[in-house]
Amino acid sequence: MESRNNIGVAVRIRPLLQEEVSQGHQVSRISCDQLQQRIIISMPESTQTKIFKFDQVLDQTTSQQDFFESCNLSILISKLLSGFNVTIFAYGQTGSGKTYTMEGYEYDKNLKPIIKVNNENVGVVPRVIKRLFEEIKNNSSNTEYTVYCTYIQVYKERIYDLLNPAQLKPGNPGLKLRWNKLEEFYIDNLFMHACYSPEEVMMHYHSGLKNKIMASHNLNSISSRSHTLFTLTIEALDSESGGILSSKLQLVDLAGSERPSITGNEGIILKESIEINKSLFTLRQVITALSSQREGETVHVPYRDSKLTSILKQSIGGNGFTLMIACLAPSDAYLDENLSTLSYASKALSISNIPVKNIDPKSKMTKKLRDEIKNLKQELSEVYQQIDLLSEISILEKKEQAVKLREIENMPFKSSHIQRIQALRNNIESAQSRREPTSSRPPPTAPAKNYESDNSGFGYSTEVLAEKLDDSVKLFKLIMNSNRKLKEDLIELKNKRKAQESEILQLHERNQNLREKAENFENAIKEEKTSDEDEIMNLRKINDELAKKIMQLEKGHKQIQAVVVAPPPKEKEKHEWGFKSTRTVVRAQSSTPSQVVNYYTDKAYETVMNFQSRPPTKNPNRRNRFEKSFEDTKGEMRDSSLDSAIKADENLALSQMFFRKKSGRANTNL
Ligand SMILES: Nc1ncnc2c1ncn2[C@@H]1O[C@H](COP(=O)(O)OP(=O)(O)OP(=O)(O)O)[C@@H](O)[C@H]1O
């Protein structure tokens with residue numbers, strides 16, 4: 001893809017016309033600063049001026065040649081030949097000089113152009129055509145160029161082919177504008193002529209000019225009532241690589257905006273004015289939308305609101321190089337119109353196109369078919385020549401015929417059809433000889449049989465030749481049709497490929513997004529897993545500690561039980577032995593966390609108290625043993641109810657941990 005390129009804008013001020021001078025028009029408000037490329041407008045009833053800067057400004061004295069050179073039109077032609085689309089369009093109010101700038105011809109009373117090809121006043125179109133062919137001729141590369149032309153007018157929102165006379169009959173609905181998937185327009189059934197010289201192109205251009213709709217009104221005696229688009233398609237075949245570049249040059253002469261109050265239009269011309277103004281209004285909206293668009297931003301551009309803007313879609317904000325020629329009539333009377341033209345021309349200056357080379361390597365096949373058609377055309381014209389000669393011979397005497405036939409035999413016909421015709425003739429002859437006895441058909445009127453003896457290769461009847469000719473024409477048509485079909489298929493393929501490319505791009509993006517999401521997800525799982533593992537480790541640790549404690553407590557419990565099953569002490573010894581608070585003792589010596597100790601000491605309290613209330617034994621040995629056993633275990637005692645209580649407590653703690661973990665608030669500080 002190429003870099004952005006803003007639309008080029010050149011402003012041209014025409015001189016005052018003779019009628020305007022005689023009507024007393026003044027030129028005091030508009031001036032042209034060619035040094036700084038500025039147009040300066042001094043506003044009425046104030047000292048204020050408005051200044052507009054453009055790529056090129058050209059005053060009343062600018063000749064057609066100067067205009068062509070100043071606008072660097074040859075650079076645009078080079079761009080065209082290197083595969084870029086180019087558009088040159090003239091814009092401005094009615095009578096401001098658009099048609100003069102583009103065509104440069106005078107018109108007669110019937111509003112038909114007076115063609116003077118070598119006149120110095122010829123405009124942009126004839127000059128561009130001439131320069132284009134000069135460039136093609138001077139091209140030293142291995143590129144072969146073919147130029148095609150089409151010419152349409154958009155009249156009251158209908159498209160007419162100016163090169164197809166059938167299109168110009170009254171009531172014709174015009175041609176259909178179609179869109180392909182890439183939103184590129186194409187016009188159905190448009191006549192396209194291959195041209196091999198500037199004269200051929202000019203011939204088509206002039207014949208189309210004669211067909212465009214013109215009218216007279218107060219502001220212009222030769223006013224265009226339609227927008228005309230003369231399009232040259234250039235196919236450049238690189239004979240080495242077989243690649244084809246196909247670029248388009250659109251030369252557009254827009255109809256001018258019209259204020260009915262000053263044009264004095266009525267009836268049909270007024271209706272035309274309304275339609276012209278409508279389509280120009282859409283064009284202005286397109287220009288405004290595109291000029292307000294910031295880089296990277298997408299705005300709605302109402303291309304589809306008119307045929308004109310649809311057709312110009314690729315030229316304004318599209319993929320080619322574009323030059324806008326803003327035309328101004330200098331009279332003070334047209335100040336408002338000029339301000340409007342200058343304002344839209346300024347906006348157009350900020351519109352950027354992204355020029356793209358139109359490479360089409362698949363069109364190699366088209367070139368091959370085109371060559372074949374060229375050869376067939378050649379053959380066909382030779383066949384015609386021979387038919388003419390043979391019909392001349394048929395009326396000669398036998399001797400003269402033989403002489404003439406030898407002459408024909410020596411003529412330098414290039415095509416291979418002579419051999420083919422010979423083979424065909426042999427087949428026909430053998431078929432005829434087989435058929436002859438039963439045939440009821442009259443003998444051929446042509447003198448074919450007479451030539452058999454001299455073996456010249458032309459001994460066939462005019463009937464056979466006519467058949468052959470018919471065959472050739474059919475074959476020719478067939479090839480033409482298949483060529484057209486192939487071209488259409490290629491265009492469709494190209495479009496499909498483009499659509500697929502953008503789809504693939506989208507899929508790539510989506511794939512990338514999904515990958516990123518998957519990676520994030522994986523990371524999140526990993527983090528979760530690590531925190532889970534930490535938590536399990538902590539739980540295990542706590543569990544181990546608890547198990548250890550339980551074991552210690554069970555050991556103590558057993559010892560206490562062993563003591564408890566011994567005979568009770570006597571009542572009177574009770575007071576010498578009792579502990580004030582077993583709880584205090586247990587709490588002081590236990591390494592178990594205080595809440596657990598509190599819990600089981602509460603449960604154990606009753607049992608311990610029972611144990612305290614037993615009288616000490618009278619036997620000193622037993623008494624000592626009892627005392628020792630009690631001292632050893634007094635911090636770790638428990639009974640069976642204490643056992644199950646601790647277990648329940650432990651389960652509660654574990655379930656709390658589990659619950660917290662599940663709810664994502666794992667707490668290992670129990
Ligand atoms: N640069 C010029 N030098 C001399 N005459 C000019 C120039 N420009 C325009 N004219 C003359 O001005 C008149 C109006 O010009 P033209 O027909 O080109 O206007 P237009 O903008 O095409 O009008 P419309 O929109 O009505 O078709 C014509 O008679 C034309 O010859």
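Residue 1 is the first one shown; counting continues down the chain.
From the backbone N, Cα and C atoms, a Cβ is placed for every residue, glycine too.
Annotations in TrEMBL come from automatic prediction, not curation.
Here is what TrEMBL says about this protein:
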- Gly92, Gln93, Thr94, Gly95, Ser96, Gly97, Lys98, Thr99: ATP binding site (BINDING)
- 483-556: coiled coil (COILED)
- 624-639: compositional bias 'Basic and acidic residues' (COMPBIAS)
- 6-351: domain 'Kinesin motor' (DOMAIN)
- 429-457: region 'Disordered' (REGION)
- 612-639: region 'Disordered' (REGION)
Within 10 Å, the Cβ with the most other Cβ atoms among the binding-site residues Gly95, Gly97 is that of Gly95
Among binding-site residues Gln93, Ser96, Thr99, close to ligand 1 by Cβ (under 6 Å) are Ser96, Thr99
Not counting Gly92, Gln93, Thr94, Gly95, Ser96, Gly97, Lys98, Thr99, residues with a CB within 8 A of the CB centroid of the ATP site are Arg14, Ala90, Asn220, Gly256, Cys327, Ala329
Within the same chain, the residues at least 6 apart in sequence whose Cβ is under 8 angstroms from that of Gly92 (ATP binding site) are Lys98, Gly256, Ser257, Ala326, Cys327, Leu328, Ala329, Glu337, Thr341
Out of Thr94, Ser96, Thr99, the listed binding-site residues, fewest other Cβ atoms within 10 Å surround the Cβ of Thr94
In all the protein chains shown, the tally of other Cβ atoms within 10 Å of the Cβ of Gln93 (ATP binding site) is 25
Lys98 (ATP binding site), DSSP three-state class -> helix
All chains considered, the count of other Cβ atoms within 10 Å of the Cβ of Lys98 (ATP binding site) is 27
